[in-house]
Every structure is written in structure tokens, then in C-alpha cells.
Amino acid sequence: MFKLLFLLAILLLSSDAAVQDFCVADLKAPESPSGYSCKSVTNVTVDDFVFSGLSAAGNTASIIKAAVTPAFAAQFPGLNGLGLSAARLDLAPSGVIPFHTHPGASEILLVVQGSITAGFVSSANSVYLKTLKKGDLMVFPQGLLHFQVSDAGYTSVGYVFFSSSNPGLQITDFALFANDLPTKLVAATTFLDEATIKKLKGVLGGTN
């Protein structure tokens, strides 16, 4: 019993010793899978905990007619290690955030302007789809493919919140058509014809 209590006390002391109030990202150091290393507390200021970048609309003049303005650890150092982050979505009429996944986080979307149809596909290929209005929230579980499309005749705006300071991102269309993955392999794995694949590669900047 004494040994058990002693070991428990050691574990508790070790845990307490590892706890710190925050770990503001040192952006001059390389990022690791676990995040950034901590900036010296003597160099931390209140500005590390404030981010104003989501107040301005993003530029939607792109092929997807949408813009994502991130507030991740790289932009908002005070988030580092806290397990949360945010972003702003601006979607012009017919704007779309294509099918994508965040391998490192779940996501919550809050619509603040316009109308956004959003959905995700489960690992059982079940589709969960809803048109969201101002004030609506929708959650997208970690790692699942999901998308957002504007349904309004004017710019729709939403804010998304993640359960990680660096949620990661992979866009399905870009993974297939915006790189040098050989067309024949894309055709073999997607059942699309080669002419369609080459056309999509041309649009998204892919080769091969």
C-alpha cells in the first residue's frame, strides 16, 4: 500500500510540474507534429492572445468563389497547445468549400450571414446534409469528408471553430487533380475517363 501511495504521489507531482499556463508559439522555430515550441514567457505580450484577422472579408475571386481566413497557431500564437482554433469563411454566390477533411480536429460551423448548404459523409457512406441559415450551427466530426456551398444571392459568411490549434487540411479535388499523380492511376482509382481527368488537372494546375 505504501509503495502504491508513493508512486501515486510521484505521478501527481510530475503531472503538476509539467503544467503551465500557456505555450505561446515561437514562430521562429520549426513546427512539429505536436505544435510549436514555447516562446519565452518574458517575450509574451497581450497581443499574442488577440487576433483581429477575422474582421475583414476574404477575397472570393478564385475558382471556388470562396475564401478561408485562418486563425491557427501560425497566425494566432496564443492558441498554441490549447487545442482550439478558428477561421472565417466568405462564400460569394455559388461559392463552395470543396470536399475536404481535417485529420487533426472536429469542426463547428456558425453561419452569420446568408445561407450555406453543408454536409459530411460518414465512414459508412451515410450523408448528413442541411441548409443552414443565420445563427445555425453544424458540427463535422474529425477526419470525415465535408463541404460547404453558398445558397444565397449575396455573400454568405460563416465562422468555423476547431478542436485543435492546427487542424490540418486535405482537399479531395486538389489531392486528385492538382499534383503530378499520373492520369492513368487517377483513372484506375476513380473510374473517371482520362479526358475528364486531364481537363480537371488543367483547371487545378496538375500535371502528368
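Here, residue 1 is simply the first one shown, and the rest follow in order.
Placement of Cβ uses the backbone N, Cα and C atoms for every residue, glycine included.
Taken from TrEMBL, the feature signal peptide covers 1-17. Per TrEMBL, the feature disulfide bond maps to C23-C38. If you look up TrEMBL, you'll see 52-198 marked as domain 'Cupin type-1'. Look at TrEMBL and you will find H100, H102, E107, H146 tagged as Mn(2+) binding site. The oxalate binding site annotation in TrEMBL covers H102, E107.
For C23 (disulfide bond), the same-chain residues 6+ apart in sequence whose C-beta sits under 8 angstroms from its C-beta are G35, Y36, S37, C38, N80, G81. Cβ neighbour count for E107 (Mn(2+) binding site) (all protein chains, 10 Å cutoff from its Cβ): 23. For the domain 'Cupin type-1' (52-198), the DSSP counts in helix, strand and coil order read 22 helix, 57 strand, 68 coil. Other residues of the chain with a Cβ within 8 Å of the Cβ centroid of H100, H102, E107, H146, the Mn(2+) site, are T101, F120, F140, L144, L145, P167, L169. Within 10 Å of its Cβ, the residue among the binding-site residues H100, H102 with the fewest other Cβ atoms is H100. The local packing around C38 (disulfide bond), expressed as other Cβ atoms within 10 Å of its Cβ over all shown chains, amounts to 17.
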